[in-house]
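According to TrEMBL, the protein carries these features:
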- 62-82: transmembrane segment (TRANSMEM)
- 94-114: transmembrane segment (TRANSMEM)
- 120-142: transmembrane segment (TRANSMEM)
- 151-174: transmembrane segment (TRANSMEM)
- 180-201: transmembrane segment (TRANSMEM)
- 213-235: transmembrane segment (TRANSMEM)
- 241-263: transmembrane segment (TRANSMEM)
Amino acid sequence: MNANCHTFKQTSFKAVLISFFFLFLLSIYTPLLSHFKLHLLFILVILLAMVSSDAIRSAVGILGNVIALVLFLSPVPTFVRICKNKSVEQFSPIPYLATLLNCMMWVVYGLPLVHPKSMLVITINGAGTVIELTYILLFLIYSNGKQRLKVLVMLIAQIIFVIGLALLVIGFAHTYYQRSMIVGILCVFFGTMMYASPLSVMRLVIQTKSVEFMPLFLSLASFFNGLCWTTYALIRFDLYITIPNSLGVIFAVGQLLLYVLYYKSTKKQKEERKKKGEIGLAEVVVANGDSNKVSEWANN
């Protein structure tokens, strides 16, 4: 009886923590909640406190799948721009290559032969693998020769590495614990790389004082994705999921702070470029309209 009460208290405590996590997310999007809505939210907290931690973990995992899918789809506007301009401009392929490697590694981690009962990990990372491959193929199409070759070599190397690792782990590690540990440690490393990959873009932001090539939506999606999967890992503690996603939250906060710092300067730079373009166009029109002004404009 005492053991059952202790288990219930632990479950209720975890449920309350997770419930307040959802309240935190909702408060971000709706900072001016009415009293009626607040009462409903606190009723939700009480109801969730009665639910088992496994059920809550599954719910958070499903939410994590949705947020992760939003994260994977967030670069779509960037690639629409790339396709329209037929150039990758200053966009870096590193975040997409890092995310692809991370997704493939987590698919291996979630395999029934490696870490059983991880279907939610497989589904979202399988979808992420397909999406990131699409981005990288578009990058290959619209990049120049030298950069295209570099991206292609990195892509092939990643695929060979992941397939080789999966075969070695399944073939030579004889227990679930050993397989989970080997793949999990590598997932921590590559997951951290994925979240840290925008550091190169962050450096560009600081140098240029412009956030033009660091999409806000991608930073926001990274933040909520890391927050959600950290919560998922803490309910039934999984160190390998906790470390990279908690670091992801920290890196995403850094990106959001840079966006706040340099958003206004980015707008000014865009306005200045626009004005220069209009002035240049006006000069060309005037020059074409009067041959005397052409020579005068050229001499100046």
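The backbone N, Cα and C atoms fix where each Cβ goes, and this holds for glycine too.
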>> For the transmembrane segment (120-142), give me same-chain residues lying six or more residues beyond its boundaries with a C-beta closer than 8 angstroms to one of its C-beta atoms, as numbers and ranges.
In response: 58, 61-62, 64-65, 68-69, 72-73, 75, 79, 82-83, 86-88, 93, 96-97, 99-100, 102-104, 106-107, 109-111, 148, 151-152, 155, 241
> With pairs closer than 6 in sequence left out, are the transmembrane segment (62-82) and the transmembrane segment (180-201) joined by 3 or more CB pairs under 8 Å?
Replying inline: no
